[in-house]
Amino acid sequence: MSLDVDPGLTEQLAAKEATGKKRGRLSGSSAIELFGIPVLVIVGFLLYVWWRQTATLDSIEASSLNWTEVRLEVWQHIKLTVVASVIVVLIAVPLGIALTRPRIKVLAPAVVGVANAGQAAPSIGLIVLLFMWLSGWSGFWVAILALALYGILPVLRNTITGIQGVDPTLVEAGRGLGWSNATVLLRVELPLALPVIMAGVRTSLVLVVGTAALATFINAGGMGGMLTAGITLYRYPVMVAGAVLIALLALLVEWVGRVLELLVRPKGI
């Protein structure tokens with residue numbers, strides 16, 4: 001599903017930018033990223049499979065890297081990432097929109113400051129402290145809360161920046177057509193701010209994927225189990241394998257974010 005921008009407003013935007021480039025066409029670097037990243041992920045995963053099939057592993061390494069265990073940890077990691085990212089978007093985007101409204105936009109610096117403080121806190125410390133405070137919660141939901149807190153800043157900040165960056169003349173043009181504030185938001189501000197918002201979502205996705213590796217410390221699963229097993233047992237093949245798989249997943253979810261951005265980008269932007 002994509003949002004439509006009023007044709008007259010789109011023409012005004014195009015005239016102001018005067019880039020001379022055809023709208024909707026991918027730049028060379030964007031095309032390389034869009035089509036090159038999945039190829040890189042596939043090649044990287046095939047190399048991992050080849051290494052796993054041919055490497056000489058001791059019993060501990062083989063047990064840590066057996067396919068059943070790896071599949072379980074990958075699935076747990078994906079589940080942590082998806083659930084936390086959905087919560088981040090559901091909270092950060094509406095909050096960012098609210099903080100650009102005239103009545104409460106004065107609160108925006110304070111709210112962003114709190115979000116900055118949350119992300120500045122050491123991620124492992126945040127996860128462990130939440131686990132201690134929320135002792136009645138399962139490790140999975142404690143990890144989800146910590147990941148959501150850690151990933152909310154990029155989406156919140158980009159939502160505010162994207163909406164504030166919309167050309168005021170386009171907003172006034174929409175109001176001149178008799179549109180309500182809600183209609184202007186839905187048909188002008190959000191569509192034009194969407195690329196900036198989606199850039200924040202991609203950044204948040206990568207942050208969440210990396211931080212989710214720490215969920216293993218509170219028994220929430222994820223591929224961090226391979227990292228900790230490799231470090232504590234001095235089995236470096238296990239540690240490197242976990243790091244490679246996490247990196248491949250981070251590349252993959254960032255690519256998914258790019259694809260989603262293209263799918264929801266308004267016509268004419």
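Keep in mind that glycine also has a Cβ here, set from the backbone N, Cα and C atoms.
Residues or ranges marked as transmembrane segment in TrEMBL: 31-51, 80-99, 106-133, 139-156, 192-218, 238-257. The annotation domain 'ABC transmembrane type-1' is assigned in TrEMBL to 74-257.
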Stretch in 31-51, 80-99, 106-133, 139-156, 192-218 most in contact with the transmembrane segment (238-257), if contact is a CB pair under 8 A: 31-51
Region pair the transmembrane segment (192-218) / the transmembrane segment (31-51), three or more CB pairs under 8 Å: no
